[in-house]
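Asker: Dropping the structure in here first, questions after.
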């Protein structure tokens, strides 16, 4: 008996009135993940694209893999550099299961380590965070699907990996679980679930962490997975000493623009490599999942606002002098622009609205980075702020079109 035939045989038990009716959501999710649904329309269908929502979410999930794999590599690379500088490798192996497991699997944790050893060490930090987020979020998704008697949506594939990529590698797992609960339940399911949430769940979860547990999501001690090591992010360094203050926190060597573009700097797991993010973004833009108008709008808003601050200048705030091409490669700007701002649910729907929505994000991100003395990163708050205005932009665009058509027919 083939797998497909077995699924078809047991399906009646999960349908309304069947013995396992309450488990239909899990059955449907498994069956449609393995095979294309066998349902057909009774009349002519209007198919504009063969890419359904399930495949779209999976494609976005896969497009984040370049940033994920590089992020794991960078976490391991930064940790190895730090433990060597501190001379604490043996203490790390005896005191942290991540180092102990990597060492037991044959990883070289010295400066001569190859990419595989660095990737393995980074994976021991990233995968537990990702699995915690995925399992906790999956639990809430299944629970709400069963209570509301609808199919499980694949949107959490994207939410889970995004949230795992925008946190530091040292985040406690219980905080990851708590943030996931907030993002899924409060920011999405309370408003009706996928397609009805007005803000990005992954960003809402990170905002919850930032305001509830700032010590574990910001500061100088959370970005490198090594005990006793303290090192500021590149954005924080610029806020203190300008471009001349950009130094590798371990080696003390100057950070070049190419270092930041490739991702040879500490930071949140998936935010460091703009190059990897561009590769993934090219996939979803080519597939017409992400709106190029929003991306272009974010760039326009960022370039215009940073140029304005460059012209104004400041003798006390070095961030006024940061050019747009540094804003692009530092912090979470690239990840936010390509994968958060373009979220089709919480973004503007109309074409003109997408332009204004993107411009607002770019401008607000730079404004918060430069003017806010307490928090040099502004992309998270900028996107959440723009999420609130997305319906307003769409409303204004629609009303303007109505007025124009009325005036045309007078």
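Quick reminder: no glycine exception, Cβ is built from N, Cα and C everywhere.
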Asker: Need the matching range: Swiss-Prot marks transmembrane segment on one of 14-34, 35-55, 56-76, and I'd like to know which.
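Answerer: When 14-34, 35-55, 56-76 are checked in Swiss-Prot, transmembrane segment belongs to 56-76.
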Asker: From 156-176, 177-197, which range did Swiss-Prot mark with transmembrane segment?
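Answerer: My reading of Swiss-Prot: the transmembrane segment range is 156-176.
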Asker: Same chain, outside the transmembrane segment (378-398) by at least 6, Cβ under 8 Å from its Cβ: which residues?
Answerer: 166, 198-200, 203-204, 206-207, 210, 331-333, 335-337, 340-341, 346-350, 352-353, 356-357, 360-362, 364-369, 372
Asker: Considering only the recorded stretches 156-176, 267-287, 319-339, 355-375, state which has the highest number of Cβ pairs under 8 Å to the transmembrane segment (56-76).
Answerer: 267-287
Asker: Near residue 233 (FMN phosphoryl threonine), how many other Cβ atoms are within 10 Å of its Cβ?
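Answerer: Its Cβ has 25 other Cβ atoms within 10 Å.
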